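Asker: Got a structure for you, questions after.
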Amino acid sequence: MMIKMFTPKKGPAKKVPAKKSPTAKSPQAKSTKTRKPRAAAKKRTPSKRGKANRGWLKMLWGFAWKAGLAVAAILLFVGIYLDTVVKQRFEGQLFDLPTVVYARVLDLSPGTPISIQQVRNELDVLNYRKVSAPRHPGEYSSSSTKIELIRRPFEFVDGPEADRHVMLHFNGNELTRIQSLEKKGDMGYLRIEPKMLGMLEKSNDEQRLFLKRNQFPEVMVDALLVTEDRDFYQHDGVSPLAIARAMVVNVKAGRTVQGGSTLTQQLAKNLFLSSERTLWRKIREAYIALILDYRYSKDEILEAYLNEVYLGQNGGEAIHGFGLASRLYFGQPIQELRIDQLALLVGMVKGPSYYNPVRYPERAKTRRDLVLRLMMQQDILSASQYEAAASRDLDIQDNPRIASRQPAYFQQVNIELKKFVGDRFEAQKGLRVFTSLDPVSQQELERSIARKVPQLAKTAGNKLEAAAIAVDRNTGEIRAMVGGKRTGYDGFNRALNASRPIGSLVKPAVYLTALQQPDKYTLATTLMDTPLSLKGSKGSVWSPRNFDRKFRGEVPLYVALSKSYNVPTVRLGMQLGIDSVSNTIEKLGVDKSEIRPVPSMFLGSFSLTPFQVAQMYQTVTNSGRKAPLSALRSVVDNDGEVLYQSIPRVSQSVEQQAAWLTTYAMKRGVSEGTGRFLQSQFSWAGLAGKTGTSNDSRDSWFVGVDGREVTTIWLGRDDNKPTKLTGSSGALRVYADYLKQRGPEVLRLPWPNGIATANFVNTNSGALEFNCDGPVQLPVWDERGDIKKGCESQPKQWLKKLFEW
């Protein structure tokens, strides 16, 4: 059949040789046979390539699908993790909040013995602004007899109080009326908010003063958003528009001049991430920002940001949040700052170190003015407001600090926190600690030491040191404490820890011991001032002498104390007995282990700290009622729960009448004795006081008493070398300078039951002799009224025997 197909029509004979010879194939046959393999080759080649392409795509798709699943799983896992972290942080305690320490609250009511100048001083210490007409909280005006003020709002221990607009009326040294200018009536009392003293140390180096969103001025928030994140209320945590805008600006500038991060991203970085510059960190930052924006309201995010943003350093501590930055740079609550001051803080957000107004005022001012200009462009400020604000100086504090520094006082606060609050105290939980510190007393005591110690060092040498403590005479509350001549230095606290010989400061305890025996001793009792020698147990002989090396024969008891004579004091002490005097000192608040039971103790050979001395004299001058010294009033947690509240613990330690008579003798010590320098300046105040000088003038002491405080001053050297200062020439001068600035309060001593007046005449020997008509009058403890009865009857000789024991 094949042959037929390819055989020509003329005959088959021609076809046979063609079959035998392959080279003789016709072109047609040749064409047919060579076409078949080509057709087969063309079909196989495209089939292999297609399969390869489809396999590669399928493999790529499979890999991409699996990778996508893996990435999605990773993102889901990371998202769940980050969401958990964000939720735990935001819905728990967002920040470690410091423990804020406050001074005492000033309680005012009609009849309070306080002068208009004292109230002005208080307002000045609290950084109230004196204006012609108060319109805002933190402002006051004053005339000769009135103060108009708008008291700041404050959350006191028993709850918050709004601002108060009042007029205070004064008559001399008394507040007579508190007039409300809001309700058109009078008020029974007014509390002035306490000064913020500072913050207790905590585990990290961050400090912040937490404020709620509505406590930040709206104009400041507007300035922040205009400057840092204009689309804050529109975007979802990340703003593509801001990123694009930043890219355009940076391309035009040829460098990075603007960032595209939103406030939410900044918050995410500050709270949850490090500051490393990596792509992974930016991805997590954006992710967290989206979570924050999804879970929380814009105002919650904004509140967190306003309290978290870093705004500089104070010593070794980072300042976070606008609330604390306001206190640091301007010394005022943020609600009271002017627009230009708020703009300065907002401008610092970009770079707190670069725009530090203390180190780089010109940079800071340029940045502030840029913020003000942006505010004007967005119609937040008018052109005139902008010009007025931009024309102002920076107006920051001369020495920016969070608050005043009282390291010595803070040491006592910490001691009491451990004692009274114990395990319930956590420094990072936002506790508020209210103390008894009087900010005016503290300020003036520090200033007096800073003024007088360098002057006295010209005599005593440059190593002269100082310590002081002022306590409330009635309650024992510590009103001020200074631990050294470098008042703000957190070092050795001499007020608490420097135990030094007290010298003549012990003498009131000796005389108090005697006066507790009214049948034997009175202020008029004659004491012998004659040479005395006492033998010790080992054969040594001690012969005490008076400071001026003189002997006076006979002296009345009150004169021996007021003029601080040594020999009559030792004679009296030996009559009373070492144990008896030691017991009295212990009752005044001194541990008996501090006392060396030897005759020299009557002249103060044993050592006490200024704190211990203050306790002694608080008890004596409070008519024998001991109130343990304390600095802590209240501790309140972040929820307003009171963790600790001090309770008055006053007890009658020694006889009231004897303590009162001893204080009277100390008043005579100021009017005519070793403290008479005070009398020349404050004769109207009726002050009491006692000087003290240790051997070789190594220690100079003075305890001064006015109607407000018992103030103990110590001067000496840490190396215990002589200072050439006595109590009168050293410590007393510091106290006088303090009173000059603080202003003393009149010391009034209401006569207790059983105290009467007796009359005496001077004898040629220097003693006093009882005489119903005598010119010298002294108070005596006469419980039964024998003196009055005796002077009203005749004869009177038997009455004299009461004073001749």
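Note that Cβ sites are derived from N, Cα and C of the backbone, with glycine treated the same way.
Okay, so TrEMBL annotates it like this:
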| type | residues | note |
| --- | --- | --- |
| ACT_SITE | Glu228 | active site, proton donor |
| ACT_SITE | Ser504 | active site, acyl-ester intermediate |
| COMPBIAS | 19-31 | compositional bias 'Low complexity' |
| COMPBIAS | 32-51 | compositional bias 'Basic residues' |
| DOMAIN | 108-191 | domain 'Bifunctional transglycosylase second' |
| DOMAIN | 203-375 | domain 'Glycosyl transferase family 51' |
| DOMAIN | 467-705 | domain 'Penicillin-binding protein transpeptidase' |
| REGION | 1-51 | region 'Disordered' |
Asker: So, in DSSP terms, is the residue listed as 'active site, acyl-ester intermediate' helix, strand, or coil?
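Answerer: For the residue listed as 'active site, acyl-ester intermediate' - judged by DSSP and reduced to three states - the answer is helix.
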Asker: To which of the active-site residues Glu228, Ser504 does the lowest count of other Cβ atoms within 10 Å belong?
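Answerer: Per-residue Cβ counts within 10 Å for the active-site residues Glu228, Ser504 bottom out at Glu228.
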Asker: Tell me the Cα distance separating Glu228 (active site, proton donor) from the residue listed as 'active site, acyl-ester intermediate', rounded to the nearest angstrom.
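Answerer: With the alpha carbons as reference points, the distance is 67 Å.
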Asker: Note the mean pLDDT of the domain 'Glycosyl transferase family 51' (203-375), expressed as a whole number.
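Answerer: When the pLDDT values over the domain 'Glycosyl transferase family 51' (203-375) are averaged, the result is 87.
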Asker: Mind tallying the domain 'Bifunctional transglycosylase second' (108-191) by DSSP state, helix then strand then coil?
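Answerer: For the domain 'Bifunctional transglycosylase second' (108-191), the helix, strand and coil counts are 10 helix, 38 strand, 36 coil.
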